[in-house]
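Chemist: Pasting in a structure now, in structure tokens, and then I'll have a few things to ask.
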Amino acid sequence: MVRATGTRMGLLLPIILALAIGSSAAGISSNDPCYFEGKPRKCLPSFVNAAYGNPVQASSVCGAQQPERYCELLRDGNAGECRSCEQQRYGPAALTDLNNPSNVTCWRSGAVNVPHDPDSAPPDNVTLTLSLGKKYELTYISLSFCPRSPRPDSLAIFKSSDFGQTWQPFQFYSSQCQKFYGRPDRAKISKFNEQEARCINSQHDTGGAAQRFAFNTLEGRPSANDLDSSLVLQDWVTATDIRVVFHRLELPPQLLKVKNANAFSDEMGGSREEDEDDDADLELDGEQDEYDYNLQDNDSADAGYDEYEEPKKHLELDDDHLHLDYASDGESVVKRQGKHKGSAYEKHYQSKLAATTPPQQPPKVTPPGKVTPPSTAAPSAAASAVTLPISQHYAVSDFAVGGRCKCNGHASECVATVSSGSGTALSDQDDGQDEDTPSAPSLANHFGRSTQMSAKLTMTCACKHNTAGPECERCKPFYFDRPWGRATDNDANECKMCQCNGHARRCRFNLELYKLSGRVSGGVCYNCQHDTTGRYCHYCREGYYRDATKPPNHRKVCKRCDCHPVGSTGKTCNHLSGQCPCKEGVTGLTCNRCARGYQQTRSHVAPCIKVPTNANMIQAESAGGGGGGGTGDYKDGGGSQVEEMKKYCGKCKASPKKLNLNKFCMEDYAILAKVIGHDRASQDISTEKFSIERQNEIYKYEINIQTIFKRNPMSGTTSSLLGRGNMMLLVPRKSIECQCPKIKLNKSYLILGRDSEAAPGYLAIGPSSVVLEWKDEWSLRMKRFQRRARKCS
């Protein structure tokens, strides 16, 4: 039993080793998710936060030029503890670092003036631009806001798929979508507008204060469940860069109430009745202490705010261009004609504060940058209003982008590559980045403090399935036998190698040939080497012919024709047989000798001339024992030879030249073939049924079979193996001399014969064969014979 087991293991060991070597040679790991049991299948990279560790460019940073004062905003709308901010502490690096709820890091923008009339004030245009460094297919975008800070009321999210060259709307948020962005709230998405950006009410159907905005890129899109088949949605979720534009802050009702109360003073010409109405409205708004934001999927549109001649009812957005102007120091700059409408209000507000507020000591600054307001005794209502700031800051703690590295289903991972150079991925889209803001996806520079880049970190798909490119978006060189396609659950669309038989290193794809092949093969080889040509480098070029003794991929499969310069009519030969085109009376593979019945001359025009043939010549040649074709060699006396020849030729010429159904049924095969070459047999061919003892008694003709009208259904016979292409036809010498049949080169013939008259692998002309020069009008008759052949008994 042990011996039997050992024997069995000894037999299995070579198989196991062969499988292991084959798997290793193919470069396919057993744990590769892109293959299953050696067959390709769809694979995807891991789902990641694509924003983590990537640089963010901010148009405004709190304390960028000098330390600024900001105050926390309490839930009741009053100002809380005030602090001093600097860029190093509140820079954009905090947006994509590790988000730790117990130690929240924040980016804060520069001061944004609280407008007198938020509905008519120009937008703030504070921007954040995130470069992902590569194309990703995004699932969500999330913005988490800092505690005790105002939330944005209106913002727009844009995406770029070409590294910041162009921008496309992705999502809008606003409490007044129609008025501010000119778009309806929660517009319905159909299959006809799946790439349309939507606007979501930032205060709609929320319960409690929202700490973030979350946008699901596919939610509500009809083709979301069949992403592989929707080119529109594939383009929709693809992005290399994300830009967030903050247009307006949402302020607590209490803060707006104080500003409105100070603004509509007697000096501004307001009436008591209007003030009472406004106060009543503000009191209604003030009943809400918490502010909620809708967490819905969002789409964006490009925002162009170059000039503001006067306040508009809503912002007009251009979906093709995003016009944003930034100063070189990173502060946002908005071009306007005339003064800001809020500037007059601010001067009035400050003068009113000075008139109603008792003198105070300057605030004391205590570490770490906190600003402590001086204590006052029993402040009045007006004095308490003074503690509220007239400016606020956008504050975001986390900028997350969930998605997968875009690899079109041909890679299971993305790998980081480092290339030398400097500059940013968004060099053409400078958003006024501050000098200390990171400018390339380098983790070391992202958190700190240097702008000099000696290397650039990029992500690239580790492509499988014979694909290449950053997103595996094309077939790798020499794998163009089928078109590139995105991998799906049903088909991995693996790229196939071109079939060039080892004679070419380059190929291209031809769609028409691919369709004609039944969508099997479309590769076309070019620059074929080793004297080959053709789509697959499977033919020999002009002046060469294929050596049948060598495989198609052999470097020397094509041999030079070497046609005789005098005996041949050209330098080219048949690419299969190597037969050169010979002049009249010349024979041989290279046309290097005179045929039987011809004699050599000194003329280059007619190197061989025909010798008159008569009975005496035949008798003399027979008596002399001359061999090798021509009129032949006969053992009987001269008279008997002549009589035998006449008898044979008479029978041949007397045979019927008409074809009928009975004759069609009697033969094993019926073909239409064209004679493309000829040569005398160079060796004996002998079988049990077919024997030729002397090589000068047979002629070989190379024919090209064009149509097969009938073949013997019995397997193993020559006719059962017939197919369109080239084949050898054997013709007896006597038939050639009697011109029965009269065979000419480059002519087509209808040939009917029997398998018993030929050696296996050949066709032969025998006593029962029929050879007729083809006429086009016979096509209908042959089709009729084919239909009626079933009745052959």
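Along the chain as shown, the residues are counted starting at 1.
Here the Cβ of each residue, glycine as well, is placed from N, Cα and C on the backbone.
As the structure is a computational prediction, the values presented were derived from the model and not from experiment.
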Chemist: Disulfide-wise, see what Swiss-Prot says Cys738 is paired with, picking from Cys608, Cys649, Cys665.
Modeler: Cys649
Chemist: So Cys591 is in a disulfide according to Swiss-Prot. Which of these is its partner: Cys582, Cys608?
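Modeler: Checking Swiss-Prot, the candidate bonded to Cys591 through a disulfide is Cys582.
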Chemist: What whole-number Å value do you get for the CA-CA distance of Cys500 (disulfide bond) and Asn125 (N-linked glycosylation site)?
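Modeler: Cα-Cα, rounded: 59 Å.
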Chemist: Quick check on the disulfide-bonded residues: of Cys405, Cys414, Cys472, Cys475, whose CB has the lowest count of neighbouring CB atoms inside 10 Å?
Modeler: Cys414
Chemist: Out of these disulfide-bonded residues, Cys463, Cys525, which one has the fewest other C-beta atoms within 10 Å of its own C-beta?
Modeler: Cys463
Chemist: For the domain 'NTR' (649-792), jot down how many residues DSSP puts in helix, in strand and in coil.
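Modeler: When I sort the residues of the domain 'NTR' (649-792) into the three classes, I find 40 helix, 47 strand, 57 coil.
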Chemist: Using DSSP with the three-state reduction, classify Cys525 (disulfide bond) as helix, strand or coil.
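Modeler: Cys525 (disulfide bond) sits in a strand per DSSP.
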Chemist: Rounded to a whole number, how many Å is the Cα of Cys463 (disulfide bond) away from the Cα of Cys582 (disulfide bond)?
Modeler: 57
Chemist: Return the count of C-beta atoms lying within 10 angstroms of the C-beta of Asn125 (N-linked glycosylation site), excluding that atom itself.
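Modeler: The answer is 20.
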Chemist: Can you tell me the CA-to-CA distance separating Cys573 (disulfide bond) and Cys582 (disulfide bond), as a whole number of Å?
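Modeler: Rounded to the nearest whole number, the Cα-Cα distance is 10 Å.
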Chemist: Can you check how the pLDDT averages out over the domain 'Laminin EGF-like 3' (561-610)?
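Modeler: A mean pLDDT of 91 is what the model gives the domain 'Laminin EGF-like 3' (561-610).
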